[in-house]
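A.B. asks: What follows is a structure written as structure tokens; I'll ask about it next.
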């Protein structure tokens, strides 16, 4: 009992003993400044901080919001422990921009929407508009719309195979080269290019030798005839395959409304103006072909005399020579830079040649109109300048036109001849002959002479070349009608003026630097 009482007294002493300035647990010290009903003071504003908490996976990461007040309110014991890991958040999915709606509508909804068009994709789709919104709808392969769209897309209205212009031309040329036995090198190298003219000439040459051997020509060479047939054949092939060139005529020809038969004794040049008359004297070698022809055709105007060097020459005085208006002040065989290069030694003979061609056209084509008969088919380019993109050459730019008289034609009896084509030459014994643009350069000893060739064909033979080319097409392709060959009408252009100076041209060089810097 005593021990129990002593223990109680010691416990009471402990209760009354304050610990470090504070009241006992059972009797805390009074707080006069605080009443039980007084509200607690306001808390300071929260300051939020962000802290990244990593997870075990390397992809996921979370952001945890931590309040500053919560940090301060934590007890020392709890502040030492790590904060609890918040629950993991699901990763946010990236939202893409929605594309056009692809929906499967019912049959009732199909009637309410408007069909815009049917696409050509596979599987097929149709693009429709509904409530102002355009959407794409998949179409089943068994849908009748899909079958109809497919048939419309591939159907050819002409029921013909779809081929290109190049393929059509190559098919025609393959048949021609096979029939007329061209060399393998010419066949393999042919690509239907504008500058490839040799194949056409070979085909026409073989055709003339096989089908028209010994064809009569008047003041024309066989080489020029086949060359012109090759040009016309190239024009037919391009017309059949619908190939067109903007700045180049493959035939090198034109239809000239010359008007040289409108007034008696007056002829016109390529400018369309009347040519002027001037005296002209020609001296030719006695042994030359031209000298002998001058003695036979003009015995009253030709005479043999000596020139200033003491040589015997045939001197032919032409008092009826005609020249272009721009060459009025130029000497013989001299042309100005504005000239067309046309010159006739005899104006009356030139007019007879134009009349002969007009009568010849009416005899060959009786249904032709008078205006069409007055249009002459003339070659603009000879072999020298008949190239795509060819630069102007020195001298004359068009073929030289020379009237040739037909000897002994006046002696024929008109009553004994029934062929109207022959009667045209009997009544008008002169032919217009087309030669190289600059035939004077052929025998010239000048070092800077321009190009020249042996191009020579008369106006009737040029028309015959066109007729033979059409005959060649009919014999080779009887099931295909002859294509239309549209030849342009001649119009004077400044690029056809006579050139006294040649333009400088460059040459190929393998080096990139000409001076090896």
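Placed from the backbone N, Cα and C atoms, the Cβ positions cover glycine too.
OK, Swiss-Prot features for this one:
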type	residues	note
BINDING	269, 271, 324, 340	Zn(2+) 1 binding site
BINDING	382, 384, 436, 453	Zn(2+) 2 binding site
COMPBIAS	1-10	compositional bias 'Polar residues'
COMPBIAS	64-80	compositional bias 'Low complexity'
COMPBIAS	87-96	compositional bias 'Basic residues'
MOD_RES	180	phosphotyrosine
REGION	1-110	region 'Disordered'
REGION	282-316	region 'Flexible loop'
REGION	501-517	region 'C-terminal arm, DBP binding'
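Tell me about the setting of these features in this model.
C.D. replies: Residue 271 (Zn(2+) 1 binding site) falls outside any helix or strand according to DSSP and counts as coil.
Classification of residue 384 (Zn(2+) 2 binding site) by DSSP places it in coil, neither helical nor stranded.
According to its DSSP assignment, residue 180 (phosphotyrosine) is coil.
Through the fold, the region 'Flexible loop' (282-316) approaches residues 345, 405, 407 of its own chain, all at least 6 residues removed from its boundaries and within a Cβ separation under 8 Å.
Residue counts for the region 'C-terminal arm, DBP binding' (501-517) under DSSP, split into helix (H, G, I), strand (E, B) and coil, are 0 helix, 0 strand, 17 coil.
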A.B. asks: According to DSSP, collapsed to three classes, what secondary structure does residue 340 (Zn(2+) 1 binding site) have?
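C.D. replies: Residue 340 (Zn(2+) 1 binding site) sits in coil per DSSP, no helix or strand.
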A.B. asks: Per-residue pLDDT averaged over the region 'C-terminal arm, DBP binding' (501-517) comes to what?
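C.D. replies: Mean pLDDT for the region 'C-terminal arm, DBP binding' (501-517): 83.
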A.B. asks: Which residues, same chain and not among 269, 271, 324, 340, have a CB within 8 angstroms of the centroid of the CB atoms at the recorded Zn(2+) 1 site?
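C.D. replies: So the extra residues in range turn out to be 268, 270, 272, 273, 275, 325, 326, 339, 341, 342, 492.
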A.B. asks: What's the CA-CA gap between residue 384 (Zn(2+) 2 binding site) and residue 340 (Zn(2+) 1 binding site) in angstrom, rounded?
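C.D. replies: If we compare the Cα positions of residue 384 (Zn(2+) 2 binding site) and residue 340 (Zn(2+) 1 binding site), the gap is 18 Å.
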A.B. asks: Are there any residues at least 6 positions away along the chain from residue 180 (phosphotyrosine) with a Cβ closer than 8 Å to its Cβ? List them or say none.
C.D. replies: 202, 203, 206, 207, 210
